[in-house]
């Protein structure tokens, strides 16, 4: 009898253990987190992470760094952030083969109006940067709807990252928002940004360093346009193999721009601006300037950064009457081998201050 009872107990325990195994594996496969703390502590226990209506506490980062290879992250509901003056970031994601997505109807709202004071990163309140995609390699970010970043939107330092159909809407910051760059790219390779929609008050795209970068099918409204630079003065001062194409820039200070730092060294090469349409530009339609110092132009170009093998092809549109159509200020001998085709920017003034314009281009 004792032997029979022992056998029954053993069989019952064994069956319970077997039944528990699928439940445990399912938990590892998919997790839903409703707090930033739980997401941080449990992020490596699941292959699919759903972030549901998370309220990130003031002064904290929604920390999704060091994810397991192949993790999928889904933003669901509304993601919000507590108020504190600090540098951020509000969100940080890293890992390999990561997919960052959002559920239908989701939004990520920085509520930047709490920080906006017209000074951006140049003074006033200390404002947190929004989304660090650093070491987010062989990965993708798709379909995010982002609103009201306090300052910079995406800081990108990654390899093989695809960003598709992302919206950054800072239109509420027209009066007081400042330095709300959408995509800042540095020390990165093989970055592809496709189908971005941006309403902001600074660069729609700014590439400070990196190679094999594409930006296509973009819509940029209200900011400073599509920029290479500023290049120079950093540890990495090379921009090469960049294509910016099939995009619209409207109601912005600049259309397309290359800016390099005064008295610095570096390289800008094999950069193509193709099929770019401009309208409502208030400062410069097309600008290349090699005189940037402390964030402002000096009017005196230097030639330590070579700007070569540059293509402006079918960059067309209009600027406001008090704006300048085209402005090229190159250092002596530093702007070479440009291809200039189908460029037609009208409505503004013709600059009398262009210098060292390369053969084939016009100013």
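Glycine is no exception: its Cβ is also placed from the backbone N, Cα and C atoms.
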Next item on the list: Look through 162, 294 and state which residue has the annotation N-linked glycosylation site in Swiss-Prot.
Entry: 162
Note to self: Ranking 158-187, 210-230, 239-260 by the number of C-beta pairs under 8 Å to the repeat 'PbH1 5' (268-290), which range is first?
What the structure shows: 239-260
Margin query: Roughly how many Å lie between the Cα atoms of residue 204 (disulfide bond) and residue 224 (active site), rounded to a whole value?
Written below: 7
Next item on the list: Sorry to bug you, but what's the C-alpha spacing from residue 363 (disulfide bond) to residue 31 (disulfide bond), rounded to the closest Å?
Entry: 58
Notebook entry, point to check: Which one is closest to residue 46 (disulfide bond) in space, judged by CA to CA distance, out of the recorded positions 162, 220, 224, 335?
Noted result: 162
Notebook entry, point to check: How many helix, strand and coil residues does the repeat 'PbH1 2' (188-209) contain under DSSP?
Noted result: 0 helix, 13 strand, 9 coil
Notebook entry, point to check: Here are the disulfide-bonded residues: 46, 204, 335. Which has the lowest count of other Cβ atoms within 10 Å?
Noted result: 46
Note to self: Return only the integer: C-alpha distance in Å from residue 330 (disulfide bond) to residue 354 (disulfide bond).
What the structure shows: 8
